Ligand code: GLU
């Protein structure tokens with residue numbers, strides 16, 4: 001049994017109740033074996049045993065009062081996975097499905113993603129099983145404050161810098177920042193995704209979606225193709241999906257779908273991004289509202305989806321951008337995309353494709369950009385925000401956007417060249433995993449064991 005298989009078996013028997021974590025680990029370990037064979041120091045220094053265990057992990061109780069004055073209780077978490085190359089960095093997710101397995105999968109992936117950005121940030125993730133849906137603004141504020149009463153003990157600008165993820169956007173970061181400041185009397189770059197008046201960076205909001213499109217462009221360039229004039233299927237309707245659609249339109253591509261937890265929109269003329277922003281960012285309404293405002297849009301509720309399928313992936317498209325959540329694209333969806341002539345998949349969400357779907361994409365030879373590489377623009381721009389905070393300055397939108405663009409070009413190049421080095425040209429899963437891993441593993445060896 002190979003070293004990577006042996007470690008995976010051990011983890012599987014230790015954590016049978018953490019399926020998402022095991023899935024994320026499996027996807028990485030399978031592709032690392034050639035790098036482990038090439039450099040026996042990794043096994044000698046027990047890097048896989050060490051990198052799969054979080055350095056520190058906190059679970060805490062969050063008690064808060066809802067608008068009726070009733071006490072509510074949630075579980076909060078922060079998983080500080082790896083700090084070899086820099087302070088812990090990664091988002092906070094507020095969603096009812098949040099548990100230790102989900103956050104360990106996200107934190108584990110964040111190690112490699114952050115390493116790939118080429119910037120000095122370690123990997124972490126956190127959040128709570130709190131459901132922001134239907135909560136009033138005051139309830140959101142009280143929850144964020146109660147969450148920070150616990151979290152502030154563990155974070156700091158050079159220790160651990162959380163940010164947003166599903167359910168945590170600019171509004172939540174504002175309340176979290178205000179609470180941190182009051183609790184610690186410290187005004188520091190402890191969170192990213194902040195508002196522009198208190199240390200936020202221009203282009204951070206757009207960065208994940210824009211970066212995913214820049215990454216797709218790089219993949220297609222190596223094949224002499226482009227997105228211009230092409231239909232693109234996008235899933236999700238949150239921050240990543242909105243700015244993915246916006247960038248696609250800017251470069252002359254046509255985003256034809258978006259989706260939320262209740263249904264999807266299809267419009268062959270292209271999504272109207274301003275209306276989508278109005279519905280999702282201002283009104284915080286469902287996509288049925290978008291269909292009311294845009295007469296050419298066709299709305300399909302989840303109840304009418306074909307069984308076991310996400311209907312977004314049944315729409316004929318040249319490129320697919322899964323920007324919703326984990327495991328939103330299964331083998332059947334992948335087969336349907338390929339049968340409809342899809343030539344490019346770039347993942348804006350974290351782990352949106354199942355392992356079987358990934359294997360189908362790789363076997364088909366289409367341009368497939370795994371999340372760790374394709375969506376790294378968000379966290380990379382968070383690091384640019386940290387840089388601006390440290391220098392007490394702010395850069396223009398164009399400065400940040402052009403740095404982001406260059407980072408995405410570099411990530412693609414690094415993953416692509418690594419795929420060539422290991423004899424599997426264009427396999428960016430292998431390329432990204434090995435490139436991200438090597439930097440962290442070499443650093444762990446250099447720093448020794450205490
Ligand atoms: N949640 C985002 C991610 O998955 C961004 C994290 C950050 O900016 O720290 O990478």
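Using N, Cα and C of the backbone, Cβ positions are placed for all residues, glycine too.
When secondary structure is read from DSSP and collapsed to three states, residue 113 (substrate binding site) falls in the helix class. The substrate binding site feature in TrEMBL is assigned to 89, 110, 113, 164, 382.
Spatially close to residue 125 (active site, proton donor) yet at least six residues away along the chain are 78, 79, 81, 90, 91, 92, 93, 103, 104, 106, 107, 110, 165, judged by Cβ distances under 8 angstroms. For 125, the entry in TrEMBL reads active site, proton donor.
Per TrEMBL, site 'Important for catalysis' is recorded for 165. Annotation note: residue 165 (site 'Important for catalysis') sits in a strand segment as assigned by DSSP.
DSSP assigns residue 239 (NAD(+) binding site) to a helix in the three-state reduction. Cβ environment of residue 239 (NAD(+) binding site): 164, 169, 205, 208, 209 lie under 8 Å away, each six or more residues apart in the same chain. The NAD(+) binding site annotation in TrEMBL covers 208, 239.
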Residue 89 (substrate binding site) - helix vs strand vs coil (DSSP): strand
Entries of 125, 165, 382 (recorded positions) sitting next to ligand 1, with Cβ under 6 Å as the cut-off: 165, 382
Residue 89 (substrate binding site) CB neighbourhood, other CB atoms within 10 A: 28
